[in-house]
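Just below is one structure, and these are the notes that go with it.
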Amino acid sequence: MGTDLSKWAVELAAGATFGYAMNKGHVHVPAIIMDQFRLRRFIMMKMFLGALSASMIAFAMLSKFRPAAFATVRARCQPYSIATLISGGALLGAGMAIGGTCPGTVYVQLGAGIPNAIPGVLGGLLGAATFIAVRPLIKRVVARYPTIRNAELNAGSSTVQFALGTVCLCASLVLEVLVPSRQETAMLTAASWTPTAAGLAIGALQLPLATMVPTALGTSSSFVIAVCRALNGLRASRAVQTFIASAEAEQTCGDCSTSTDPSKIGQAAFVSAAVVGSFLASAGTTATPFHEPLPSWASSFAGGFLVVFGARLAGGCTSGHGLSGTSMLNLTSWIAVLSMFASGIAVGLLT
């Protein structure tokens with residue numbers, strides 16, 4: 001029990017830090033996310049590059065000095081069909097461009113009191129439920145397409161990770177010089193963090209999560225967990241029993257059972273703490289997200305649906321693939337992230 005409690009404590013602390021840093025860097029503001037895909041503002045990209053830098057270096061250290069822990073975390077990365085990686089990543093990117101949210105950011109928005117977080121969460125829950133329902137069909141359809149497997153990293157992988165992490169950090173700093181964040185939004189005050197600093201704090205969370213839980217950053221599974229947990233109380237219904245059995249059989253979510261295994265609810269603890277961390281970051285600040293234009297509730301709902309459905313289809317979100325998978329040099333994650341940005345930019349420029 002003591003070990004389980006310590007893991008929960010790490011998840012809670014990491015989640016609170018995640019929510020606090022995202023809020024302080026103002027990367028949770030829907031308009032800032034949407035404008036990134038319209039190529040009008042680059043606050044989100046600075047944060048992403050900063051987080052990717054710290055994440056890369058964290059996993060470089062882990063693979064160099066704690067190879068067993070690194071192998072344990074990386075073993076969770078499953079092979080995926082190239083069709084689901086590309087299509088899922090594309091849906092995720094489109095949802096971010098439409099709704100100004102993503103599976104992890106929506107919890108930060110909720111803690112900050114952004115009204116659009118409510119339809120975003122509801123859309124995400126529907127996206128998770130829809131994914132569970134259609135996953136057996138998806139599995140049959142994509143069986144004809146090649147599966148991408150993540151080859152084992154060679155002995156020099158830590159060097160590659162460290163080099164890429166350094167490049168990402170330099171790119172983020174160059175962006176900050178060329179396009180100062182304080183010129184991109186009036187929300188940045190003396191109490192704010194630069195997007196790069198916020199990203200570095202988020203990426204650094206990989207070390208405690210990987211060594212003490214062990215897991216990596218990721219948030220989209222929390223929606224599937226929530227749907228499955230909610231349906232557990234309705235098992236008397238034959239239709240619900242069939243629905244949950246399908247999810248369990250397809251290994252969509254181990255949390256569809258009534259098990260109270262702490263490892264299965266760690267991500268739920270993480271995202272819950274992210275809400276609290278964001279709330280604390282917003283307390284007492286005079287700069288609010290309401291100074292920025294907000295998307296319609298319909299757009300937020302549609303965006304929430306797309307980002308969660310797309311993330312589960314691709315097997316990861318902007319945290320799971322975008323930070324964790326790419327930092328472990330997983331080919332599957334690089335494919336999903338490239339698809340996400342390509343789709344998001346295309347949709348952003350058209351809307």
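Glycine is treated like the rest: Cβ placed from N, Cα and C.
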Transmembrane segment range according to TrEMBL, out of 82-108, 163-189, 190-216: 82-108
Leading stretch by Cβ pairs under 8 Å, where the reference is the transmembrane segment (120-138) and the options are 82-108, 296-315, 327-350: 296-315
